[in-house]
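Per Swiss-Prot, signal peptide is recorded for 1-22, and the stated evidence type is similarity to another entry. Feature annotation from Swiss-Prot assigns site 'Involved in actin-binding' to Glu35, Val89; the stated evidence is similarity to another entry. Annotation source Swiss-Prot lists N-linked glycosylation site at Asn40, Asn128. Under the heading active site, Swiss-Prot lists Glu100, His156, citing similarity to another entry as support. The disulfide bond annotation in Swiss-Prot covers Cys123-Cys126, Cys195-Cys231 and rests on similarity to another entry.
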Amino acid sequence: MRGARLTGALLALAGLLQVALSLRIAAFNIRTFGETKMSNDTLSNYIVQILNRYDIALIQEVRDSHLTAVGKLLDRLNQDDPNTYHFVVSEPLGRNNYKERYLFVFRPDQVSLLDSYQYNDGCEPCGNDTFSREPAIVKFSSPFTQVKEFAIVPLHAAPSDALAEIDSLYDVYLDVQQKWDMEDIMLMGDFNAGCSYVTSSQWPSIRLRRNPAFWWLIPDTADTTVKSTHCAYDRIVVAGTLLQEAVVPDSAVPFDFQAAYGLNDQTAEAISDHYPVEVTLM
């Protein structure tokens with residue numbers, strides 16, 4: 001009996017160590033994330049609950065010119081410990097008066113932010129820029145995973161330009177490679193990479209897709225939308241041997257928060273029209 005208890009304790013300890021020695025990373029398009037959403041107790045409670053699942057989370061569609069909502073979000077995430085989460089946020093991005101930010105929240109006891117930069121995609125006033133919201137790239141290090149340093153390239157693609165923007169992520173990848181002399185790069189976000197925005201006949205023209213160096217972890221058959229549509233808009237793509245080897249098999253999935261929390265359609269859709277997509281690194 002004593003031996004059985006010891007075995008059980010060791011198995012439990014091994015499970016805790018596996019959790020501690022891994023990173024869960026997500027990309028979440030929180031539709032129109034701003035002060036209105038963070039002022040709604042019900043919605044903000046669920047958003048915080050979702051984000052607490054992750055060691056690094058990319059939040060897209062941040063509509064918060066003065067970072068008031070971002071401040072409220074960090075206060076909620078850090079309500080028990082002021083150092084639970086840190087953040088890095090881009091400048092407002094967009095070709096017209098409509099602007100969004102990329103926001104990363106991360107656990108500093110799990111990862112360290114090493115560097116960040118805004119990708120230069122051309123002259124916006126001249127009309128020859130590539131992206132509606134050019135990627136704001138970050139570099140992290142972690143002592144707990146097989147890959148010690150990696151970069152994350154975020155993208156919330158404009159639906160009408162999704163094909164061109166996804167293809168141009170290849171150029172961003174090359175830029176990150178050269179700037180930081182690194183191979184282990186994760187590209188993630190709401191690419192609008194499905195249904196009518198990118199059709200099956202168009203995929204072969206996308207460099208990021210046809211190059212075998214890139215692993216697309218969220219398949220075309222996935223559904224990352226909350227509504228009745230079935231579209232794999234949100235994706236995670238990884239490049240680099242160490243990063244690819246660190247991916248826990250079958251861990252890359254959409255997180256269906258509606259099913260997980262037993263929400264009705266109205267509440268789920270008020271949180272967002274997208275599910276987060278997530279992956280675990282070991």
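Here the Cβ of each residue, glycine as well, is placed from N, Cα and C on the backbone.
Feature annotations (Swiss-Prot) mapped to structure.
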residue: Glu35; record: site 'Involved in actin-binding'; Cβ neighbours (10 Å): 16
residue: Asn40; record: N-linked glycosylation site; Cβ neighbours (10 Å): 14
residue: Val89; record: site 'Involved in actin-binding'; Cβ neighbours (10 Å): 17
residue: Glu100; record: active site; Cβ neighbours (10 Å): 20
residue: Cys123; record: disulfide bond; Cβ neighbours (10 Å): 9
residue: Cys126; record: disulfide bond; Cβ neighbours (10 Å): 7
residue: Asn128; record: N-linked glycosylation site; Cβ neighbours (10 Å): 9
residue: His156; record: active site; Cβ neighbours (10 Å): 25
residue: Cys195; record: disulfide bond; Cβ neighbours (10 Å): 15
residue: Cys231; record: disulfide bond; Cβ neighbours (10 Å): 19
Task: Closest of Val89, Glu100, Cys123, Asn128, Cys231 to Glu35 (site 'Involved in actin-binding'), Cα positions, recorded positions only - done: Glu100
Task: By Cα-Cα distance, the member of recorded positions Glu100, Cys123, His156, Cys195 nearest Asn40 (N-linked glycosylation site) - done: Glu100
- [ ] Using C-alpha atoms only, work out the spacing between Cys126 (disulfide bond) and Cys195 (disulfide bond) and round it to an integer in Å.
- [x] 31
TODO: Based on Cα distances to Glu100 (active site), point out the closest of the recorded positions Cys123, Asn128, His156, Cys195.
DONE: His156
Task: Rounded inter-Cα distance in Å - Asn128 (N-linked glycosylation site), Cys231 (disulfide bond) - done: 30
TODO: Could you tell me which three-state DSSP class Val89 (site 'Involved in actin-binding') falls into?
DONE: strand
Task: By Cα-Cα distance, the member of recorded positions Val89, Cys123, His156 nearest Cys195 (disulfide bond) - done: His156
- [ ] Specify the nearest of the recorded positions Cys123, His156, Cys231 to Val89 (site 'Involved in actin-binding'), where nearness means the distance between Cα atoms.
- [x] His156
Open item on the list: Tell me the Cα distance separating Cys123 (disulfide bond) from Cys231 (disulfide bond), rounded to the nearest angstrom.
Closed with: 32
